[in-house]
Each structure stands twice: as C-alpha cells, then as structure tokens.
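For reference, the structure discussed in these notes is given below.
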Amino acid sequence: MNKKTRISLVLIVFLMLLTACSAENSNSSAERNGEEKKKEITFLSNFPSETLDPHLNYTAVRAGVTETLVRVNQDQELEPWLAESWDTSDGGQTWSFQIRNNITFQNGKKVDAAAVKASLERNIQVSEAMKTALKIKAMEADGQTLNITTEQKLPQFPSELVHPNTAIVDSSVENMEQKPIGTGPFKVVSFEPNSKLELEKHGEYWDGEVKLDRATMTFNEDANARTTALQSGDADIVYRPAIESIEILKSDQSIKTDVVSSLRTHLLMYNSGKETFKDLNVRKAFEALIDRQVVADDIMAGQATVAEGPFLAESPYSPDYEKKFFSMEMAKKYLEEAGYKMKDGKMVKDGKPLTLKLMTYSYRPELPLISQLLQSNAKELGIAIEIQQVENIDEYLAEKTDWDIATYSLITAPRGDASYFLNSAYMAGGAINPGQIQNKQLTELIEELNQTSDNEKRNEISKAAIKIIDQEKLHSFLVHPNNFVAYKDYVLNWQTSTSEYYTLTKDLDVRTK
Amino acid sequence: MKQAGKRLFELVLFLFILSFISFVFMKAAPGDPVRYMLNIDDVSITDEQVEELRNELGFNEPLYVQYWNWLIRFFQFDLGESYMTKQPVLQELINKVPSTLALTFSSMAVMMLIAAPIGTLAALYKNKWIDHLSRIFALIGASVPSFWLGLLFMQLFSVKLGILPAMGKGTFLHLLLPSLTLGIAMAAVYVRLLRSSLLESLGQDFIKSARARGLSQKRIFFFHAFRHSLTPVITIFGVSLGSLLGGTVIIEVLFAYPGVGKLVVEAIVRRDYPVIQGYILFMGLFVVMINLLVDLSYRYLNPEIRLRGGDKG
C-alpha cells in the first residue's frame with residue numbers, strides 16, 4: 001500500500017464517520033417528529049439554570065413543572081392559580097387562602113393547605129430573599145384553607161405570592177435541585193444544570209389536557225448561538241435570538257417571530273444628595289437631553305419601546321404621563337432657569353463649570369451607549385460628563401456618594417403590583433434608592449399604599465405616586481426593552497409572557513405532519 | 001518514601017498558604033454577596049435587612065475569625081455551601097469537573113493531532129511550502145477569537161451540513177465542536193513551538209553522533225530528536241494546562257457545555273465565596289499534580305536528567 005492509498009483510506013474512513021453521525025442525527029429527528037407521533041418541543045432559554053430548586057430559581061415555573069398560588073396575566077393583573085380565592089380580614093395582616101380542591105402533585109399526593117404550608121415553610125427556610133419579602137409570622141392549615149399571618153400589614157401579600165420562588169412543591173421529596181415535584185403540566189425526567197432539562201407530560205394535570213408529550217428546555221447565554229440553534233433545528237423556540245439576526249429570521253418562511261414589550265425599564269438615576277440635582281430644573285434639563293427615540297431605534301435596534309414612566313403605559317397603575325420630548329433648547333432653558341449660564345463654551349453657575357460623573361455598567365451593553373449619547377448631547381450644552389463603568393452598579397451606588405447620574409435597569413412591576421418599585425426606589429433606606437430620594441408627599445402616598453388592601457384603591461394611590469415621580473422627574477425613564485422570541489412555524493399556541501415567568505404551558509403544541 | 005513524604009508535606013503547606021492568600025484577597029476585593037442574594041429576586045428590601053443578613057452570615061466578623069471558621073470546616077472535608085444554589089461546594093465541583101476534564105483532554109487530543117504532524121513537517125521541510133503553510137495556520141489560529149471560530153463551526157457543521165449538534169452535552173458528538181474550536185486555537189501555538197524545538201534538537205551533538213553511529217533517519221528522528229524536542233513543549237503545556245482548565249468558559253457558554261469555568265465565573269460575579277475558595281483549592285491541587293507529572297516526564301524524555309539522578313528536589 002503506497003502513501004497516497006493510505007491517505008485516501010484515512011479520508012474515506014473520516015467521511016464515513018461523518019456520514020454515520022449525520023444519519024444517526026436524521027434518524028433521531030424522524031423518530032422525534034414522525035414515526036412515534038410523539039409531540040415534543042425544544043425550547044432554548046437565555047437564562048442559565050444552575051439548580052432546579054423552585055425556591056431558588058425560576059426555571060421550574062418557566063418550564064411548567066411548578067405553579068404558584070397566584071399568577072399575573074398579560075395585563076399585569078393578579079389571577080388565582082393554585083389558590084382559587086383569597087381574603088384578608090384586617091386590611092392586610094391576616095390572610096385566608098382557599099386552595100383548589102382538585103389538585104394533586106405529580107406524584108399523586110393531594111395538594112391541601114397543609115402541603116402548601118409545608119412548601120412555604122421550606123421556601124422561607126432556604127431563601128433569604130423570600131423570607132424577607134413574605135414576612136410570614138404564622139401559618140395554619142385547615143383542609144383546603146390556609147390562614148397566614150404576616151409580621152406587619154402587607155396588603156401586597158397576594159402579589160408577593162406570584163414570585164416564582166414561592167412555587168408550591170411536595171416538600172417531603174428530596175433531591176429538589178434535580179427533580180422537584182410540582183403541580184404543573186410537565187414532570188421532570190432529567191436535569192443537567194445549565195445545559196438541559198427534559199420533561200414529560202403530566203397526564204393528570206388539574207387544569208385540562210396537556211398538548212405536548214415531551215418538552216426539552218435547553219440553556220445558552222450566547223445570543224448568536226441561540227440563533228444558530230434555531231436555524232440548525234437544535235431548538236424549536238428560541239428566547240431572545242441575536243438582535244442583528246432579526247431580519248434574517250423574519251425573512252425565513254419556516255420561522256415565526258413574536259415581540260412584546262417587557263416589564264423592564266432602563267432609566268437614569270439622579271443623586272439627590274448632590275446639590276446640582278436637588279434643583280428640579282436641572283432634572284428637567286436632563287430629561288429633555290436624552291433622545292428616547294434614538295435609544296429605542298438606534299442603540300437598541302428597534303427592540304425597545306419608548307418609556308413614558310416606570311411601568312408600561314397599559315399597566316393598571318400607570319397614570320397619564322406628561323409628554324416627553326427631546327429638545328436641546330428646552331434643556332438649555334431649564335438650565336438657565338436653574339441659574340446656569342454659557343461662558344466660554346461651558347455651562348457655569350457661581351463661577352463653577354457643570355461637571356458630572358455618570359456611572360454605568362456593561363451587563364446590559366446598551367447602557368454604556370446610552371451614557372455616551374447623553375454625554376454627547378450634554379457636551380453641546382457645555383456640560384462635561386465623565387463616564388465611569390463599574391462591574392456591579394448596585395454595590396457602587398450603595399457604597400459611594402461621588403456619582404451624579406447613573407444608568408440603571410430593572411423590572412419595575414414583576415408581580416402585578418407597583419409597591420415593590422415604589423418602596424424600593426423612593427422610600428428612605430430602600431435598596432434601590434441610592435440617590436437618597438426623599439419626597440414628603442410621595443412618602444405619604446407610599447405609606448398609604450402600604451396600608452391599603454383594596455386593589456382598585458391601591459392602583460389609584462400608585463397612579464398618584466407615579467404622577468409625582470413624573471412631575472418631579474425623580475428618575476428619567478427611557479425605554480422598555482422588548483422580549484423577542486423566534487420559533488418554527490409548526491409550533492402552535494406560543495405566547496410570549498410579559499412577565500417572563502411562564503413559557504412552557506399546557507396549551508403549547510406542535511403541528512404534526 | 002522519604003521524598004514522597006516531603007512532597008506531601010509541601011503540598012499541604014502549599015494548599016494552606018494558597019487558601020489563606022485567596023481568602024484574604026477574596027474578602028478584600030469589593031463586592032457583597034448579600035445584595036446578590038436579596039436583590040436578584042426582585043424583592044423589596046431595605047438597607048437594614050441587607051445588614052441583618054450580613055450579620056447572620058458572619059460577614060461582619062473579623063477576617064481571621066471568618067478564615068478560622070472556614071479552616072475548621074475544611075479539615076472536616078466541608079467546603080461549605082454555595083450561597084446561590086445552597087448545594088455543597090464539593091458536590092458542585094464533583095459534578096462539574098468531569099465535563100471540564102473531558103473537554104480539556106479532548107481539546108488536547110485535537111491539538112496534538114494537528115500540532116504534531118504540522119509542527120514536525122514544518123521542521124523537516126524548513127522554508128518549504130509546508131513550513132509556510134504551517135506559519136499561516138499558526139498566524140490565523142492565534143488571531144481568530146475562539147468564540148467566532150466556534151460560531152463558524154456551528155454554522156458549517158450544524159446549520160449547513162447538519163451533522164453535529166450545535167450545543168449541549170451528553171454524547172461524544174456534543175464534544176466534537178467545542179474540542180475542535182479549543183484544539184485549533186491551542187494548536188496554533190504548539191505548531192510553532194514544536195517546529196522550533198525540533199529544529200534545535202536536530203542540530204544537537206547527540207544527533208550528529210547518532211548519525212555517525214549509522215542509525216536510521218527514522219530512528220534518529222523519532223527516538224532522539226522528536227523525544228528531545230518535547231521537553232520545552234511539555235513544560236509550556238504543563239504551565240498552561242491550569243489556565244486551560246479554567247479558561248474554557250467562553251467555549252462552555254457558547255456551546256452550552258456546563259463546566260467548572262462557567263461555574264467559577266458565575267461565582268465570582270455573584271461573590272459566591274465558598275465556591276470561589278473551593279475552586280482555587282481544586283485548581284491548586286490540580287496544578288501541583290500536573291507539575292509532578294511534568295517533572296516525571298522529563299526523566300523519560302531527557303535521558304540526561306535520568307542519568308544525573310533527576311531532580312533531587
């Protein structure tokens with residue numbers, strides 16, 4: 001055998017191996033979609049999941065393994081889920097939850113008030129965050145009725161129970177991080193942290209027929225890789241593919257796309273501890289200096305909606321906001337009203353040029369770009385902005401006082417209630433109030449909100465509070481990033497959840513050929 | 001036996017010093033896991049509650065007390081629990097290390113399959129077309145970012161040809177694309193290193209004397225020159241293996257191949273101290289073992305060391 005023949009043989013063997021791999025792959029696809037007539041789907045998520053423990057991670061709720069007592073709908077209103085109703089006898093400290101009578105866990109055990117109590121007890125034992133949020137003092141189970149007393153008046157308590165980490169599980173089961181037993185439409189088959197979650201239909205699901213036989217949830221944090229996975233057929237539904245691939249995906253006949261505004265808001269924080277930003281006119285000037293449309297269209301490639309306030313305009317607690325517009329002239333006018341004058345190309349007050357420090361962070365890549373846009377607009381008005389990028393913005397803002405402006409991003413109303421944002425961002429000592437905002441009228445309204453349990457009244461108070469935030473320009477709200485989902489055309493009944501809590505549902509289906 | 005005991009003592013001392021230094025640096029670095037533990041879940045908290053939890057977890061204790069507590073647990077083979085997953089750190093590492101080792105060794109295999117023949121041919125045919133080709137390969141391989149190469153491979157093998165899975169873990173096929181991506185990037189360096197080392201070996205006196213003794217070209221090349229040229233390659237390899245083990249994170253993220261690199265990056269971001277500390281100790285142990293193996297390999301690769309009685313230290 002000469003050298004050439006040997007090389008040719010090696011090449012042939014290599015090609016045969018590749019072909020074998022290819023054949024094996026296509027065989028499994030055929031089996032998946034055709035011969036066995038099993039309906040299954042692969043959902044590729046951008047949120048990595050280190051554990052499946054529902055009390056520490058959202059994945060179990062997102063994957064339809066577990067459910068909470070209360071859920072939030074697409075209009076950000078609370079809806080009964082495992083609890084069919086709830087009531088408070090004293091305006092928000094003593095609660096009575098009626099658990100549905102027809103529910104069993106995926107292992108066949110009945111879900112009664114005692115099981116729910118045990119699950120919540122485990123919840124506050126393993127999660128410091130939920131212990132802090134729920135403030136449960138005592139629980140008493142009686143048949144299907146669960147009575148809960150909180151440490152203090154907590155009118156937003158039902159809204160806290162929307163949190164995916166309050167999911168109800170059979171707490172007697174071990175191995176919660178790998179195989180939690182919930183009440184949802186899908187049971188866990190296997191789980192590989194940060195890689196793959198395999199699920200199968202829960203045949204006795206309490207809320208009707210589950211359309212899919214099997215589902216797989218995979219995880220990948222890289223947007224380009226997610227796009228590729230959809231194109232290669234490794235995934236049927238992809239959460240947040242790469243923004244630059246939107247046009248390619250839209251032009252593909254076999255792929256559908258869905259875009260909804262998220263509950264997240266990008267905003268500017270002002271440091272009220274600084275003399276400069278104590279002046280409303282300065283805050284108004286910066287409000288006018290930022291071109292929200294450019295942020296939405298250019299910086300975020302059209303994948304954002306211009307924000308009028310902290311919450312989506314259609315939220316039940318959104319007031320009629322003041323009209324926002326970008327105007328350099330107006331910004332200049334407000335600065336002049338604040339006592340600043342243009343001198344030698346610099347904006348000066350009492351002989352001192354206006355120089356500011358803007359904090360930003362790269363976890364959300366658009367935020368440093370928004371900072372640069374503001375810096376560039378401010379420069380035209382003679383304002384010097386020094387941009388500083390930090391790894392952890394929360395820590396920096398909490399520990400330092402040398403900053404003037406900060407870009408920030410958060411989900412303002414994750415659970416169908418405005419009180420989380422209002423308490424955290426505007427009350428003294430609130431964890432996201434590093435700018436030390438203290439507005440007497442606003443504080444009184446939030447305190448009133450914290451004592452009010454009637455939902456309509458709460459919404460009215462929230463609206464009044466947000467109106468003050470809007471008028472006083474305590475923050476400048478910029479855009480709501482969109483949630484973009486792409487999926488194969490054979491996927492049926494996909495709905496992009498605004499809360500991002502619910503992805504695999506009993507209604508999700510595939511069209512079989 | 002005496003030497004083995006000495007080595008073991010050195011290892012324990014090294015791990016002790018390493019654990020102390022890493023503990024001090026970790027705590028001295030800015031960062032607060034408590035805010036992550038509370039804030040990450042979008043719950044309404046106050047600064048007071050943050051402080052309460054900090055006290056509860058012992059973060060306000062003096063540093064030496066915190067280290068002492070950690071050390072006591074360590075001697076009971078308890079590396080603590082991850083703040084984020086509430087799982088024992090040892091378990092987390094045990095779960096992740098095999099995947100990373102599989103990726104590391106398969107990448108090394110790819111690297112060797114590429115670097116050994118190309119580097120050898122480039123040395124044998126110095127300044128011929130194969131040498132120029134190897135130089136171009138090395139240049140491209142070293143310049144192309146691995147995540148981009150990975151995306152190209154995904155497009156080619158998963159989207160266009162449809163023969164390999166784009167991501168995930170489970171079968172041998174899942175390992176191919178990440179290994180190929182990492183292996184090619186590594187091979188670029190080793191091709192040049194092997195070439196220059198081989199050229200140097202071929203000019204040595206012992207090669208000339210081997211020729212004078214009438215040994216065949218093949219024997220001279222493989223049993224003398226090639227073996228001798230591996231010494232610097234193995235040295236660099238040993239040094240870089242530690243960083244390779246922890247540096248696969250980009251590939252792990254891109255191919256959704258969960259390993260120890262991703263685990264530790266996540267832990268650093270969230271200031272999950274027990275996981276970081278556990279990882280540092282594991283890596284320390286691993287690097288010491290690798291260095292030991294490299295030392296042993298010298299005795300085989302370079303007869304001079306063996307004949308002189310080796311490294312007596």
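Here the Cβ of each residue, glycine as well, is placed from N, Cα and C on the backbone.
As given in TrEMBL:
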DOMAIN    B:97-298  domain 'ABC transmembrane type-1'
TRANSMEM  B:12-29  transmembrane segment
TRANSMEM  B:101-124  transmembrane segment
TRANSMEM  B:136-159  transmembrane segment
TRANSMEM  B:171-191  transmembrane segment
TRANSMEM  B:233-256  transmembrane segment
TRANSMEM  B:276-298  transmembrane segment
Recorded stretches the transmembrane segment (B:101-124) and the transmembrane segment (B:12-29) touching, at least 3 CB pairs under 8 Å: no
Contact set, same chain, for the transmembrane segment (B:233-256): CB under 8 Å, 6 or more residues outside the stretch: 100-101, 103-104, 107, 146-147, 150-151, 166-169, 174, 177-178, 181-182, 186, 190, 193-194, 197, 262, 264-265, 279, 283, 286-287, 290-291, 293-294, 297-298, 301
Residues of the parent chain within Cβ reach of the transmembrane segment (B:171-191), under 8 Å, 6 or more residues beyond its termini: 102-103, 106-115, 118-119, 122, 134, 137-142, 144, 146, 149-150, 153-154, 157-158, 164-165, 233, 237, 244, 248, 251-252, 254-255, 257
Intrachain neighbours beyond the transmembrane segment (B:12-29), with Cβ under 8 angstroms and 6 or more residues off its ends: 63, 66-67, 70-71, 74, 273, 276-277, 280-281, 284-285, 288
